[in-house]
4 protein chains.
Amino acid sequence: MLLINLKAYKRTIGRGAIEVLEAAERVSEETGIEIGIAPQPTDIYLLSKNAKRVKIFAQHIDPVRNEASTGHILPEAVKEAGAVGTLLNHSERPMTLIEIGEAIEIAKKIGLITVVCVNNDKLAKVIACLSPDYIAVEPPELIGTGISVSKAKPEIVKNSVKSVKSVNEKVKVLVGAGISNKEDVKKALELGADGVLLASAVTKANNFYEKIRELAEGFFYK
Amino acid sequence: MLLINLKAYKRTIGRGAIEVLEAAERVSEETGIEIGIAPQPTDIYLLSKNAKRVKIFAQHIDPVRNEASTGHILPEAVKEAGAVGTLLNHSERPMTLIEIGEAIEIAKKIGLITVVCVNNDKLAKVIACLSPDYIAVEPPELIGTGISVSKAKPEIVKNSVKSVKSVNEKVKVLVGAGISNKEDVKKALELGADGVLLASAVTKANNFYEKIRELAEGFFYK
Amino acid sequence: MLLINLKAYKRTIGRGAIEVLEAAERVSEETGIEIGIAPQPTDIYLLSKNAKRVKIFAQHIDPVRNEASTGHILPEAVKEAGAVGTLLNHSERPMTLIEIGEAIEIAKKIGLITVVCVNNDKLAKVIACLSPDYIAVEPPELIGTGISVSKAKPEIVKNSVKSVKSVNEKVKVLVGAGISNKEDVKKALELGADGVLLASAVTKANNFYEKIRELAEGFFYK
Amino acid sequence: MLLINLKAYKRTIGRGAIEVLEAAERVSEETGIEIGIAPQPTDIYLLSKNAKRVKIFAQHIDPVRNEASTGHILPEAVKEAGAVGTLLNHSERPMTLIEIGEAIEIAKKIGLITVVCVNNDKLAKVIACLSPDYIAVEPPELIGTGISVSKAKPEIVKNSVKSVKSVNEKVKVLVGAGISNKEDVKKALELGADGVLLASAVTKANNFYEKIRELAEGFFYK
């Protein structure tokens with residue numbers, strides 16, 4: 001899977017988010033690659049109504065125990081708006097261990113795919129015990145740098161894949177941080193990853209379609 | 001203003017939020033009372049597209065300084081989705097003083113109405129210095145109790161109105177916590193409030209229209 | 001180990017903390033049971049200077065990466081003041097997964113014993129992957145109730161011991177929440193725990209010595 | 001007042017903190033200048049027992065409402081250990097508005113001097129409404145830079161003094177961020193400040209006595 005995180009980029013909200021979606025739909029149709037987009041919560045409904053093959057993810061959900069939780073993101077609301085899954089514990093939105101455990105549990109119950117982000121291979125193994133659908137390994141020091149983890153720290157990718165699979169074979173591993181071109185994707189897959197998680201390579205691209213198409217081509221060598 | 005906070009109530013997401021909106025539209029048309037609804041962020045777009053007289057608010061925005069802020073709620077995204085304003089610092093989503101200051105500044109710049117919640121009259125005065133559009137005074141010990149602040153602690157309402165206006169006459173005061181019927185609204189306005197902020201009285205009502213209509217009638221005596 | 005958490009009880013700061021220490025020293029000498037006390041950070045130095053057999057723990061440390069961290073609790077300062085270890089991730093002071101990982105790493109490097117608190121057996125297993133010295137299982141709904149987890153939810157204790165040992169045999173398991181008398185301690189040990197973590201049973205006791213002595217006797221049956 | 005924040009600098013814990021204290025005592029005796037030191041919480045007791053003229057401050061207190069608050073810093077414990085006051089809301093340890101309000105209230109009740117940090121002159125005015133003893137204005141972008149706010153942004157100092165005094169004449173204003181030598185202190189006082197708050201200029205000094213003496217001399221011109 002190629003998962004595109006739109007973060008809080010102003011360029012890719014509303015109409016901009018739709019443009020990323022249209023580009024992703026076209027690439028997905030042309031290449032058959034599974035693509036996901038994680039927009040701002042306010043854009044989940046808009047994108048979901050317009051998505052065909054592309055899957056829409058939330059960037060975060062709160063494990064709401066009490067409905068009197070103003071300003072928290074209700075997992076059921078995210079699902080209702082059309083999201084099929086959610087990121088959790090992104091290094092820009094760290095969660096407590098308790099929250100991660102509860103959020104995975106709620107997500108499973110209501111049918112949301114979970115993509116739990118971790119900083120390193122050690123925490124990847126830890127989270128594997130909670131059996132999320134995906135674990136995304138993103139060394140925070142590389143996020144947004146354009147220096148891909150698959151090149152700079154290949155051992156983190158290898159170790160993550162190995163230790164996650166040793167705990168639970170079904171948990172898939174995404175690789176993030178600094179993924180910016182076809183080569184980075186290819187290398188990540190060669191190291192055993194099941195896909196990539198990225199943001200600025202797409203959100204700052206001159207041409208959304210061309211960049212997503214290039215990244216998707218990284219999967220062809222698999 | 002009658003501001004209805006849908007919090008994280010499962011009953012009032014998606015289709016349920018639309019039902020609250022339709023009831024609010026009807027009451028607003030019949031009575032001329034200004035009504036606002038603050039739904040989950042995922043429902044802002046849906047409600048905004050369907051709203052005519054009713055104003056849609058966010059429950060929270062993050063003062064995003066860096067676009068690499070996964071899982072944070074971008075003020076511009078909330079605006080783009082159709083919200084006209086936002087709650088800030090609700091006692092269920094407290095913000096640091098720095099965040100409140102920055103969020104008000106950003107909201108003003110991009111044209112979002114700010115409704116800053118505070119626990120008591122002392123903090124109401126403090127926040128008045130930042131000149132938000134509204135200050136909503138909600139003693140947290142009364143939230144969700146059905147015991148209205150206007151009856152249980154009228155002096156808090158009086159003092160809040162007095163101290164807010166002494167700092168900045170233009171800042172409007174809403175009263176929240178325990179507002180559940182026409183009498184509570186009437187009493188709040190008599191004590192000098194410019195409107196009310198409430199949640200469970202509506203979200204748990206058997207009939208949204210009847211409850212909103214009743215609450216709106218509390219404004220007739222003004 | 002019998003680990004006594006003084007939390008933020010006013011009765012057991014300063015002179016009160018010394019009284020708990022003296023009682024614990026006497027019991028430890030009489031019974032040979034290993035006893036630890038986790039006071040307020042301001043009392044670590046005072047207790048450490050007066051402790052002989054009893055071990056002093058911090059209630060929390062921050063994984064400080066940048067020395068410009070005003071108001072954070074520096075692990076090295078805790079060590080310097082005489083603490084031999086620290087609690088981490090207590091349900092009253094939850095930490096993000098990243099912080100837990102970093103704090104364990106720092107603690108190991110500088111020689112502090114780690115006691116990581118978790119809510120349930122599932123998270124106990126997760127944390128076992130990080131190889132702390134102790135894992136304390138405390139279902140938060142029982143904390144401070146006087147209803148001991150060893151009686152109310154024996155399966156949580158059993159499962160925690162089993163799953164922690166399956167990951168790493170060397171990690172010891174403490175049981176907390178509601179432990180208030182000799183029977184609770186006995187039952188906890190019978191279920192496989194290596195010790196107990198408790199607070200109010202001691203901090204609210206009429207006589208510190210008598211209560212600690214009673215709890216220590218729960219270990220005799222082991 | 002010359003208030004020295006030791007933050008989480010490893011060099012100034014334990015024995016290092018005592019060395020700063022001894023230097024500060026000597027300077028205070030020689031010059032008559034009022035000096036305060038804010039060490040790690042674990043060093044409050046140690047420094048207080050050894051202080052004669054110098055005042056010991058906490059770097060942070062938590063407004064503890066429930067004694068079952070493991071890992072929180074109890075104001076009464078800080079007081080018991082010998083602190084005469086506390087910093088609050090340092091930009092490295094931001095507090096919610098509610099917490100600031102409660103912490104000031106508790107501090108006043110138990111007799112701790114409050115030094116509330118704010119980022120700018122606007123928030124200085126806001127906090128003045130809560131009548132703390134001191135407000136320390138520290139533009140976070142200058143902290144630790146060695147570029148003093150009194151030189152780089154004199155208008156922030158001037159405006160802060162003016163707006164704080166307009167709300168409450170009794171509230172004193174400290175200036176922080178980048179204060180590193182005699183000139184910076186002198187300039188801050190000329191702009192109307194009642195003292196300075198600083199950290200790295202002292203904690204990283206080759207000779208604690210010489211640096212503190214130099215800074216104290218900045219007060220002579222007043």
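Note that Cβ sites are derived from N, Cα and C of the backbone, with glycine treated the same way.
Of all the Cβ atoms in the protein chains shown, 29 others lie within 10 Å of the Cβ of D:HIS90 (active site, electrophile). Annotation comment: TrEMBL describes D:HIS90 as active site, electrophile.
Around D:GLU138 (active site, proton acceptor), the same-chain residues six or more apart in sequence whose CB sits under 8 Å from its CB are D:HIS90, D:SER91, D:CYS117, D:VAL118, D:ASN119, D:VAL149, D:VAL175, D:GLY176, D:ALA177, D:LEU197, listed in sequence order. Residues or ranges marked as active site, proton acceptor by TrEMBL: D:GLU138.
Among the features that TrEMBL reports, substrate binding site is placed at D:ASN5, D:LEU6, D:LYS7, D:ILE143, D:GLY178, D:ALA199, D:SER200. In sequence order, D:ALA38, D:GLN59, D:LEU87, D:HIS90, D:LEU197, D:LEU198, D:ALA199 are the residues near D:ASN5 (substrate binding site), counting only same-chain partners six or more apart with C-beta under 8 A. DSSP assigns D:ASN5 (substrate binding site) to a strand segment in the three-state reduction.
Around the Cβ of D:ILE143 (substrate binding site), the same chain contributes D:SER91, D:GLU92, D:GLY176, D:ALA177, D:GLY178, D:ALA199, each under 8 angstroms and 6 or more positions distant in sequence. Every protein chain considered, the tally of other Cβ atoms within 10 Å of the Cβ of D:SER200 (substrate binding site) stands at 19.
Counting only residues at least six positions away in the same chain, the Cβ atoms of D:GLN59, D:GLU92, D:ALA199, D:THR203 sit under 8 Å from the Cβ of D:LYS7 (substrate binding site). Checking the recorded positions D:LEU6, D:GLU138, D:GLY178 against chain C with a Cβ-Cβ cut-off under 8 Å leaves nothing.
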